[in-house]
Each structure stands twice: as structure tokens, then as C-alpha cells.
Amino acid sequence: MAVGSTTTRAGEAALERLRQWPGEHRVAIGLSGGVDSSLTAALLVEAGWEVEGLTLWLMSGKGACCAEGLVDAAGICEQLGIPHHVVDMRETFQQEIVQRLVDGYRDGITPLPCSQCNRSVKFGPMLDWALQERKLPRIATGHYARIRHGGDRGRHQLLRGLDTRKDQSYFLYDLPQEVLGRIVFPLGELTKPDTRLEAARHGLRTAEKPESQDLCLADHHGSMRAFLDAYLPPRQGEIVLADGTVVGEHDGIEHFTVGQRKGLGVAWGEPLHVIRLDAAMNRVVVAPRAEAGRDSCVVGAVNWVSIDPIEAPRTVEVQVRYRSTPVRAELSPLPAIEADQQRERPHRCRLSFEEEQFSITPGQAAVFYDGETVLGGGLIQRE
């Protein structure tokens, strides 16, 4: 099917950026079967790029990462007249994402699988495949983020997408420079409504496809609880105050997260918040809000994206959850501990918040920003 003309200014601007892109216009597009990646492919084709579709097969069964996504991605490639390839990543996904996720919940942290998946399952392997198997110099995806090339000391800088409601830079902080330098994000300056309008104008079969509202593993199993129940048997334990006073019971610490207030099943004189998950004692530790705040946290395995590693404290805006509002904090370098010396990213920092924070969750990412630019990020550590 021929690609139609665009109707939005944002779509026209995206096409012009693609036409003016420096270097070779040859790319592998990561196709999930959703509207965002579908429109990305359509824009690249319309801009005159040589495009090949690539879908990563992550899980067996139904869902966006499985049969449904594969079928829709293949249909989009047929509609646009481009090749479609499928790479079986199920074993890697099971080892790198599923098992690590289960281990993290078992150990009392709340992992962030999406950033790890982007680094070790999606972008890295996708670029390797494009370069080695198809001799394609670039990869593209439908993420709402932007890249500025030739920034500080020649680095490839990651920027927020212009649509603040859809910005996905938080999940991309962990990508290395060698990958960022070869990525194309055509939707970085579009809004989601722009994307829907452009997809409809192009007559894409996915134009009205609803978005996934949860982690792909949760969608796959029906809910996050069902996913965890499939891997972790119930383990009854106590819900306690910080002084050890028992106030309730639970059937698994994996069903709780630091900062949680609702769904505790505890009757108390005032609302209680989860402040710690004690895996060794199989306890959920709770406290009133007045005792639940944190003024600092340690961030480990830091990946410096748009700047070199800092050597002195600096003020940043930091986001500690995907949907959280960025807050101001002082970012200070810490010496690497012995356990981190042999790691790929041994950098550690301390974040000191200007105002007390209430959902500082071990295992989640803390991503550092300077305005719209991602400086770097890492994983919140237990202390």
C-alpha cells in the first residue's frame, strides 16, 4: 500500500528531519506491532530511507511481545512493502529479564525491567543484528525521545521527547554511547495525538490499536500479581512498624513496594506507608507518613549519558519513578566499593534532595536531568 501524505505540522517536520539526516539513509526498524513503531516505519519509508522491519520474539503465547505483535508487525511490513525479519530472543529475555525480575522481587527490591531490557535485549542485540546480518548502519524505534549528536566532548546526548506525557527517556538512560550514536527516533517531536492522526492518514492497520497499559510481563500473565505468583510461591509473613510491632500479615513481600500506601490490609489510626522490605525476615516494614520520608539515597551502576562522570557535586533534576515529577537534588560522586570495581559501570553517587521524598524505591532508576537533557542515571540502592 502506498504511503499517504502527512497532515500535521509535526509530521511534516519529522519527515524533513529524516530527509536531512546526515549519513546513510539505511535502517532497521524495531517493530512491536503497535502504532508508534508502525508510524516510525511509515515515516522512514516516506522520507526515502531503505527500511527493513525487525521484530524481537520475546515470549511464547499471546500479547504484544508474542503472537499478536508478530502478526501485526508482519502486516505493517507487507502494507509498506518492506522486508520483515523475526529474531528469537526468548531465551535471552528469560535469563536477562524474567529471572532477574523474579530474583529482585524475592530479594525485596522493586526492579525496573524496561531499562535493562532496552539495553541488553532490545537495542544492543538489534544493532548487532542490523550491522552484522543486514549491513544496515542504523536502527530506529517508536520511542518518544530525542538524540543530539556532537554534544559535550562529542557525546551523543539523550533528550526528553517533546510530549511530556509520553516521554520515554527515563527508560533509555542506560543505553551506551555506541548505541545512541546509531539510533533514529522519528517520533521524538510528535505528540501521541499527532501519531494517531499520522497513522490514520497513512491507513496503517494499527492506527487505532490500544496501548498496553502495563509491563509486558503483566499483560502476558493478566496482571503483575499473576506473573509473580507463577514464579514465587506464597510466603506468609508479618507487617510491622519500625520498632517491630506487628500490625498485620502478608502473603509475600514481592506484592509490596516502598512508598505503597493502599492495599496493605492494615487497620491503623493513621495511613501507613511501606518504608522497607526485609527479605531476610520476610517482613514488610511500615510507618506513618511523617516517618516515611527520605532526604537522600545512593545510586549505583551509574551510566553517564550526556556528560563525562562528575568529579564534584552539582545540582540536577532527578526523576525516581517513570511518572514522578522531577525534583531538585545535589548529586555527589562516591568512591566505588570493592564489589563494584570489576563491574562495567562502577560509578556511585549520592542524591541529596532539596525536599523530603516519599517513594525512594530500591531497584528503581534515578535519572538525572539538566532541563530536557538526560545527564545519566542508575539504580537506587538499599542502605
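In case you wondered, yes, glycine gets a Cβ from its N, Cα and C as well.
What you are looking at is a predicted structure, and each value in this text was computed from that prediction instead of being measured.
The feature ATP binding site is assigned by Swiss-Prot to Gly30, Leu31, Ser32, Gly33, Gly34, Val35, Asp36, Ser37, Leu56, Gly142. Swiss-Prot lists Cys117-Cys216 with the feature disulfide bond. According to Swiss-Prot, the active site, nucleophile annotation covers Cys117. Sequence annotations record features per position, and here Swiss-Prot assigns site 'Interaction with tRNA' to His143, Gln364. Summarising the annotation, Swiss-Prot assigns active site, cysteine persulfide intermediate to Cys216 and lists sequence analysis as the type of evidence.
Structural mapping of features recorded in Swiss-Prot.
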| residue | record | CB count, 10 Å |
| --- | --- | --- |
| Gly30 | ATP binding site | 24 |
| Ser32 | ATP binding site | 23 |
| Gly34 | ATP binding site | 21 |
| Asp36 | ATP binding site | 24 |
| Leu56 | ATP binding site | 25 |
| Cys117 | disulfide bond | 26 |
| His143 | site 'Interaction with tRNA' | 24 |
| Cys216 | disulfide bond | 22 |
| Gln364 | site 'Interaction with tRNA' | 24 |
Based on Cα distances to Asp36 (ATP binding site), point out the closest of the recorded positions Cys117, His143, Cys216, Gln364.
His143
Whole-number Å only: compute the distance from the Cα of Cys117 (disulfide bond) to the Cα of Leu56 (ATP binding site).
12
Is His143 (site 'Interaction with tRNA') helix, strand or coil when read with DSSP?
coil
On the Cα atoms of Gly30, Leu31, Ser32, Gly33, Gly34, Val35, Asp36, Ser37, Leu56, Gly142, which are listed as binding ATP, what is the maximum pairwise distance in Å?
16
Rounded to an integer, what is the Cα-Cα distance in Å between Cys216 (disulfide bond) and Gly34 (ATP binding site)?
13
